[in-house]
Amino acid sequence: MRRITSRNKLAVIKTCLYLVDLFYWITGVVLMCIGISAQTKLHDTFVVINEASSGVPVIITFVGVIIVSISSFGAIALMKSNHAMIKVVNCMLLIIILIEIVVGISAYAYREKLHRNLLRSFLKTLDEYNLESQITRGVDDLQRNFQCCGAQNYTDWFNTTYGYLNSAVPSSCCKTVTRSCGRNLSKDTANINQEGCVEKLKKWTEDHIAFIGAVGISIGFAQILGVLLCYMLLRVLKEDYANL
């Protein structure tokens, strides 16, 4: 009778772990897709935002690969009910949770410094506009997509080589693009997006922080649940082994 109860426990725990593992695997695949898509479609924009940010899509893809690898390894461990393999999965999950906590705390603690670094980097990048094709494409894409102009505001352009030589802002700053729409701003700025891109990016992040937080909490909950279920599974397997 005790043996049947133990088997029932084992079946329930393994089923729950399979579901958590499936969720974890899907999350990894989604992150890989996001990372690859961002790398191919938004690479120029990432370079403009910050030189360090150009590696963000690669990091997202790498994290996705790690998650898929761990979840695949976990599925094999569950199928085999291998005590050692399950322990390895449990340890890896614990390490990832600790890394995520450290990264999250660091990002929150240094958020103002990151904002200042982004602003400084963006201002430096603007001075390379029309000199490097990748920078030019990236700046134009960013200003069009976020309907912004310059780093802090449109006047930043007048401190750049492009603004000095042309006495204008790029046409990507214009609300409605017309010929020479970025010129004669001393007379009329109604057609210019006057808010800076750094502030627009900050607002975009703040607007989406709830969604980002929900995704992060869901992944974190799945990881913690996975650790607890692995611990329970190891106990049941140990009991089964002791009863043989």
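If you go along the chain as it appears here, the first residue is 1 and each next one adds 1.
Backbone N, Cα and C atoms are what each Cβ position is placed from, and that goes for glycine too.
Any TrEMBL annotation is an automated prediction that lacks curation.
These features come from TrEMBL:
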- 12-38: transmembrane segment (TRANSMEM)
- 58-79: transmembrane segment (TRANSMEM)
- 91-110: transmembrane segment (TRANSMEM)
- Cys149-Cys173: disulfide bond (DISULFID)
- 209-234: transmembrane segment (TRANSMEM)
Legend entry - Selection from 12-38, 91-110, 209-234, the stretch that has most Cβ pairs under 8 A to the transmembrane segment (58-79): 12-38
Legend entry - DSSP three-state assignment (helix, strand or coil) for Cys149 (disulfide bond): coil
Legend entry - Same chain, 6+ residues apart, C-beta under 8 Å of the C-beta of Cys149 (disulfide bond), given in sequence order: Gln143, Trp157, Val169, Ser172, Cys173, Ile192, Asn193, Gln194, Glu195, Gly196, Cys197
Inset, instruction - Let me know how many other Cβ atoms fall within 10 Å of the Cβ of Cys173 (disulfide bond). - result: 27
